[in-house]
Amino acid sequence: MLYPEEFDVIVVGGGHAGTEAALAAARMGAKTLLLSHNIETLGQMSCNPSIGGIGKGHLVKEVDALGGAMAIATDEAGIQFRILNSSKGPAVRATRAQADRVLYKAAIRHRLENQPNLSLFQQAVDDLMVEGDRVVGAVTQVGIAFRARTVVLTAGTFLDGRIHVGLDNYQAGRAGDPPAVSLSARLKELKLPQGRLKTGTPPRLDGRSIDFSKCTEQAGDGMPGGAGPMPVFSFMGRADMHPQQMPCWITHTNARTHDIIRSGFDRSPMFTGKIDGVGPRYCPSVEDKINRFADKESHQIFLEPEGLTTNEYYPNGISTSLPFDIQYQLVRSMPGLENAHILRPGYAIEYDYFDPRELKSSFETRSIKGLFFAGQINGTTGYEEAAAQGLFAGINAALQCRGEEAWLPRRDEAYLGVLVDDLITKGVTEPYRMFTSRAEFRLQLREDNADMRLTEAGRKLGLVDDARWDAFSRKRDTVSRETERLKSIWVNPRNLPAAESERVLGKAIEHEYNLADLLRRPDVNYETLMSLDGGKYSAGSPLSEIEIEQIEISAKYSGYIERQHDEVERAAHFENLRLPADFDYSQVKALSFEVRQKLDKHRPETLGLASRISGVTPAAISLLMIHLRKGGHKAFNRDAATEAAAESQPAQ
């Protein structure tokens with residue numbers, strides 16, 4: 001049957017990528033359909049019950065700054081919040097939250113069901129409708145054909161998924177859900193380059209059988225015994241949105257645990273060749289950890305509550321595909337878990353992914369127009385990476401329906417830009433996870449300023465509603481106004497008593513400074529600075545903690561950030577210069593055969609993307625630029641002229 005309505009955007013899959021893709025496209029006015037094999041699992045946290053972390057929290061904040069759902073859903077569902085790296089610089093501080101699975105899923109579903117321009121439909125997709133070189137819709141398992149101008153595929157671990165527990169294995173998308181075998185076969189027919197990856201999950205435990213007196217309590221920020229204040233994830237969030245807070249607990253593996261794990265190596269699918277897919281380097285299975293770090297006597301295991309209305313606990317750190325009898329023994333070998341009852345066995349899952357180097361910068365596939373990929377299908381791991389990709393693909397699918405150019409954030413603008421750029425230029429050999437270390441401009445890509453970097457762009461795209469825009473505008477204007485006020489107030493040895501200077505600054509000042517300069521000093525904060533000379537320099541109206549934080553960080557890191565801006569500008573002269581789609585790299589005789597081969601294979605859209613392909617040297621980029629300019633290629637020279645004209649314009 002051909003469904004009587006046609007859509008602008010069809011999103012296949014209702015996980016973290018799919019929900020953000022559907023919400024983004026619909027917010028932009030595209031008539032959107034979200035197809036899921038089970039509406040009850042929309043927004044489900046398939047593995048760990050947490051959101052955020054180093055690098056990941058930055059992505060969540062960016063999704064939020066663009067109007068996405070993940071951060072605000074976490075504020076409504078979070079049962080423990082912590083700021084990681086709180087003693088380090090602001091660039092690497094990151095928010096992490098434990099979430100109640102039921103509350104999180106409900107928060108996401110509520111937004112999906114109440115989003116204008118978005119329809120939901122429960123059916124697994126078995127086929128894509130392709131006419132010529134363009135996708136025109138999707139077909140479900142009962143033969144319902146939905147036509148659309150674009151399709152965003154967010155299939156997660158479902159593509160030809162196979163679960164492994166010991167030497168036993170069976171087809172599944174995740175525990176309790178069927179795999180997408182027909183869809184996987186259809187994608188292989190389309191000759192899209194694919195591979196296999198794997199991920200895993202630990203056994204779940206019944207909290208009633210855990211002896212917490214033998215474990216170490218880990219309180220969240222804002223809880224008794226924790227640091228404070230209690231964080232929020234969304235720029236529109238408040239601490240009073242959070243439900244009841246709960247502690248996590250810490251136990252450890254030991255020599256006996258390790259011996260038990262080793263005794264199961266001969267029945268491990270990892271070590272017997274049953275699993276071909278590569279697992280995530282930074283979230284290895286417990287058997288992989290024991291094998292790789294044989295000299296380590298113990299590993300921390302975090303016991304994380306799954307929610308407020310369940311006794312289920314997630315033992316973070318023992319993801320495993322070992323046989324169940326080994327899982328049973330290894331769990332009971334740890335302090336506090338001697339009598340632990342396993343509710344669900346751990347398992348590994350293998351699934352298809354597709355080489356992200358075959359995607360355009362917009363995440364549209366090169367070979368099939370209108371078909372976008374997002375999430376684990378691109379070789380990534382993690383809820384946060386999936387959500388960011390989904391939002392990005394949803395934006396660009398909607399823009400294509402409008403006939404507009406794709407939105408492409410740069411590496412110096414967003415972690416989302418780093419994520420996209422890494423995937424399409426470097427590809428993956430293992431599941432990709434975001435870290436702050438992947439961003440060369442991380443001083444300006446902080447959690448605290450994600451809205452300052454992206455909300456204006458989100459407003460122009462149609463992603464940001466009036467309430468968020470008004471809140472952002474007030475914050476932006478307040479920070480700007482107060483920063484300028486601090487720059488305009490000057491103090492010197494004559495008008496600032498020495499005793500006051502020593503109290504706030506640690507020593508008397510020797511010449512004239514403005515207050516912004518004084519705020520740059522490491523030991524000076526805004527609050528103490530405003531107490532100078534009886535508070536005569538304080539602002540007329542009080543500022544929020546968030547506004548003060550933004551002012552302080554901007555002042556203290558201004559020198560470093562200015563240097564990073566200079567680096568960005570030096571690279572910008574070729575970053576966005578577009579390469580002709582039909583360019584023949586064999587014409588550039590001075591390029592090595594290897595470089596010509598790689599450029600011809602990847603067909604980078606800009607010189608910046610070309611420069612980040614493995615094996616393409618700076619010298620090769622210079623040769624390419626010289627050849628294009630000498631050759632007088634119209635498209636290239638037009639872009640170069642546009643860039644030069646833009647650079648010559650005075651700042652507005």
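Backbone N, Cα and C define each Cβ position, glycine as well.
Keep in mind that what you see is a predicted model, and the values were worked out from it rather than measured.
What Swiss-Prot lists as FAD binding site is Gly13, Gly14, Gly15, His16, Ala17, Gly18. What Swiss-Prot lists as NAD(+) binding site is 279-293, and the listing cites sequence analysis.
Annotated features, which come from Swiss-Prot, shown on the structure.
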| residue | record | DSSP (3 states) |
| --- | --- | --- |
| Gly14 | FAD binding site | coil |
| Cys283 | NAD(+) binding site | coil |
| Lys289 | NAD(+) binding site | helix |
Restricting to the chain of Arg281 (NAD(+) binding site) and a gap of 6 or more, list residues whose Cβ falls under 8 Å of its Cβ, or answer none.
Glu430, Pro431, Arg433
List, in sequence order, the residues of the same chain other than Gly13, Gly14, Gly15, His16, Ala17, Gly18 whose Cβ lies within 8 Å of the centroid of the Cβ atoms of the recorded FAD site.
Val11, Thr19, Glu20, Ala21, Ser36, Gly43, Thr154, Gly156, Gly375, Ala386, Gly390
If I restrict to non-local contacts, at least six residues apart, and a C-beta distance under 8 angstroms, what lies near Asn291 (NAD(+) binding site) in its own chain?
Phe265, Phe271
How big is the Cα-to-Cα gap, in Å, between Gly14 (FAD binding site) and Phe293 (NAD(+) binding site)?
37
Proximal residue to Ala17 (FAD binding site) among binding-site residues Gly279, Ser285, Glu287, Lys289, Phe293 (C-alpha distance):
Gly279
Fewest other Cβ within 10 angstroms of its own Cβ, chosen from the binding-site residues Gly18, Gly279:
Gly279
Report, in whole Å, the straight Cα-to-Cα distance of Lys289 (NAD(+) binding site) from His16 (FAD binding site).
28
Sorry to bug you, but what's the C-alpha spacing from Gly279 (NAD(+) binding site) to Gly18 (FAD binding site), rounded to the closest Å?
23
Would you mind reading off the Cα separation of Lys289 (NAD(+) binding site) from Gly15 (FAD binding site), to the nearest angstrom?
29
Fewest other C-beta atoms within 10 angstroms of its own C-beta: which of the binding-site residues His16, Lys289 fits that?
Lys289
